[in-house]
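A short write-up of the structure that comes next.
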Amino acid sequence: MSNSNIDNDLDKIDSLLKKAKSKKIPVTYDDINKALPLNKNPSIRQLEEAILKFSDAGVDILESNEDDEIKLDIGMDEEFKLSTNVDNEPEDEVEEENIGTTDDPVRLYLKDMGGVDLLTRENEVEIAKRIEEGRKTMTASLCKSPIAMRCFIVWYEDLVNEKMLLRDLIDLEANMLHDETPENDEEHSSETEGEEHEDNHLSMSRVETQILPNIIERMKKISFICEELLIEAKKCYEKSFEPKVLQNSKKYNNNLELLINEVSEIHFNSKRTEEILGKMYGINRDLINKEIAFLKLAEKYGVTRQNFLDEYIGSVINAAWKEKMLKNKKVAWKELITKESDYIDQMIAELSVIESNTGLLVNDFKKLVNTIQKSERQTLQAKKDMIEANLRLVISIAKKYANRGLQFLDLIQEGNIGLMKAVDKFEYRRGYKFSTYATWWIRQAITRAIADQARTIRIPVHMIETINKILRTSRQMLNELGYEPTATEIANRLSMPLDKVRKVMKIAKEPISLENPVGDDSDGGQLGDFIEDKNAVAPIDAAIQSNLREVTTRVLATLTPREERVLRMRFGIGMNTDHTLEEVGQQFKVTRERIRQIESKALRKLQHPIRSKKLNSFRSGGKRGEGNPSDLLEA
């Protein structure tokens with residue numbers, strides 16, 4: 001790209017900034033996006049720099065600009081409309097340019113995000129009601145399934161017998177924050193935002209201890225109701241295997257209503273719900289596969305698809321159905337039932353096993369699964385609508401945490417995770433707008449991700465919280481005392497053990513690169529050049545070892561070959577390890593005593609003044625052990 005084009009791109013950004021400052025009007029993300037260079041894909045850093053440039057200049061950046069009116073949500077339900085005349089400026093080339101085709105993920109994300117309308121308070125309530133209705137339908141449907149009833153009973157027993165942790169059964173966060181109201185305080189400093197969850201967040205173990213008795217009591221009641229329902233269902237089916245008999249049972253319906261109310265009060269862990277759904281969906285897939293196989297078999301005998309569906313769907317597949325189809329007027333059905341009698345008997349037996357496992361007739365089970373799937377789709381679609389409409393909120397919060405160790409897109413993704421949690425736990429009846437509620441979750445997700453991922457060497461989040469507390473106290477004491485407080489003073493202020501304070505302050509140090517330049521000159525070298533290598537051999541030691549090796553070889557050469565070999569093996573000279581008398585004896589095929597005698601004789605020869613004076617000079621400088629030849633003089 002030529003220099004003139006680059007200057008032109010910079011002029012567009014500066015022009016937009018100058019106009020916004022002079023007219024004291026805010027800009028939108030679309031304005032910045034259009035002002036970015038079109039002839040090349042801007043990097044994430046360029047987008048961050050552009051956003052920060054406007055923020056530093058005091059220009060507000062809003063999420064959207066629709067029909068020349070920008071709606072700002074202030075507090076709960078107040079809305080102020082600010083009229084902007086940006087589109088009325090004919091000389092503004094920024095507004096006239098089109099984004100065009102691009103494969104840059106940042107631009108595509110902003111473009112798609114801008115295509116979703118913002119939600120009013122009424123829209124948020126309507127979507128929240130859709131989510132609530134879908135959940136209620138799913139809960140009621142699950143409670144009608146004997147599979148779920150058996151799971152509730154097993155979960156209660158595992159919880160009482162300590163085979164299951166409470167956190168594995170329920171959603172602790174939903175219970176932890178049930179009585180909390182997160183405030184959307186925009187005046188919090190960035191430092192406080194990064195640390196606020198430290199004082200407000202209870203540990204999982206503490207929360208479990210607090211709510212465990214209440215959950216056990218509820219699960220005990222649920223387990224008892226489930227046992228009553230299963231017994232009542234068994235009695236009804238023993239009298240008559242007809243669904244209407246059970247549906248008309250007053251006792252069964254009363255207990256079922258109680259079960260639905262109790263289960264609705266507990267926020268079960270998503271994994272526990274998926275466990276029940278997984279079992280039901282698995283059985284449903286088996287049924288579908290059996291029906292498809294039966295349909296293909298029927299088509300081979302000339303039964304049309306529509307005729308098969310008319311006779312199969314809604315019918316109870318048993319021996320009576322088989323007899324009925326034998327009397328069918330259509331020849332194809334008679335031929336199918338007659339020739340495939342064994343296959344149909346086997347299928348009836350398999351369906352009977354499924355009915356026994358599910359506690360429901362096949363048709364009732366399929367209807368129940370269809371209802372659950374429909375409510376699940378309804379809930380997911382409503383959540384999707386709420387999430388997509390609030391993606392702008394994530395960006396507005398994420399930009400405050402730029403240059404904290406994570407890239408801008410990573411901050412957005414972490415914020416989106418917090419947004420999804422906020423949608424799951426949003427309670428519209430409290431009267432707050434969703435943005436007020438979601439801000440806390442988005443901020444928590446981003447700060448937790450920065451604490452968990454921003455450092456080169458990962459530090460656990462709970463340790464990050466302790467580091468922040470100590471650093472904050474250190475700054476406060478610096479302002480009070482006028483000098484840097486010592487570790488002892490910080491420990492006394494926080495009532496924390498001195499060793500822990502020192503350990504945390506040591507961990508808090510940021511790692512630096514060994515390639516960092518030292519000094520102002522280019523020839524000053526790198527930091528790694530000044531760090532001692534503990535494993536490297538000093539030149540003087542290397543020279544001594546080389547000389548010792550040569551002298552030892554000459555001294556041992558004065559012995560007989562057998563004596564030299566025995567000493568080398570016994571002391572590991574020139575070998576990887578030393579050898580025992582037994583091992584040396586096996587090599588020479590003699591006894592241990594004979595090897596000891598040879599060794600003693602050889603050592604006496606080495607202690608002769610003529611030979612020993614050549615090794616005496618190494619006795620003070622050499623290291624003992626590990627095959628050091630100077631050890632021969634001590635033996």
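We count from 1, first residue shown onward.
Placed from the backbone N, Cα and C atoms, the Cβ positions cover glycine too.
Using a Cβ-Cβ cut-off under 8 Å and counting only residues 6 or more beyond its ends in the same chain, the DNA-binding region (581-600) has close neighbours at 562-563, 565-567, 569-570. According to Swiss-Prot, the feature DNA-binding region maps to 581-600, an assignment based on sequence analysis.
According to Swiss-Prot, the feature compositional bias 'Basic and acidic residues' maps to 177-191.
According to Swiss-Prot, the feature region 'Disordered' maps to 177-204 (among others).
For 386-456, the entry in Swiss-Prot reads region 'Sigma-70 factor domain-2', with the evidence type sequence analysis.
What Swiss-Prot lists as region 'Sigma-70 factor domain-3' is 465-542, and the listing cites sequence analysis. Applying DSSP to the region 'Sigma-70 factor domain-3' (465-542) sorts its residues as follows: 43 helix, 2 strand, 33 coil.
The feature region 'Sigma-70 factor domain-4' is assigned by Swiss-Prot to 555-608. Residues of the region 'Sigma-70 factor domain-4' (555-608) grouped by DSSP class, helix first, strand second and coil last, total 36 helix, 0 strand, 18 coil.
Feature annotation from Swiss-Prot assigns region 'Disordered' to 609-635 (among others).
What Swiss-Prot lists as motif 'Interaction with polymerase core subunit RpoC' is 410-413. For the motif 'Interaction with polymerase core subunit RpoC' (410-413), the DSSP counts in helix, strand and coil order read 4 helix, 0 strand, 0 coil.
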**Asked** Where DSSP helix means H, G or I and strand means E or B, what are the helix, strand and coil counts for the region 'Sigma-70 factor domain-2' (386-456)?
**Response** 56 helix, 0 strand, 15 coil
**Fill in**
Per the Cβ filter (under 8 Å) with a sequence gap of at least 6 from its ends, the motif 'Interaction with polymerase core subunit RpoC' (410-413) is approached by 109, 394-395, 398, 401-402, 404, 446, 449-450, 453
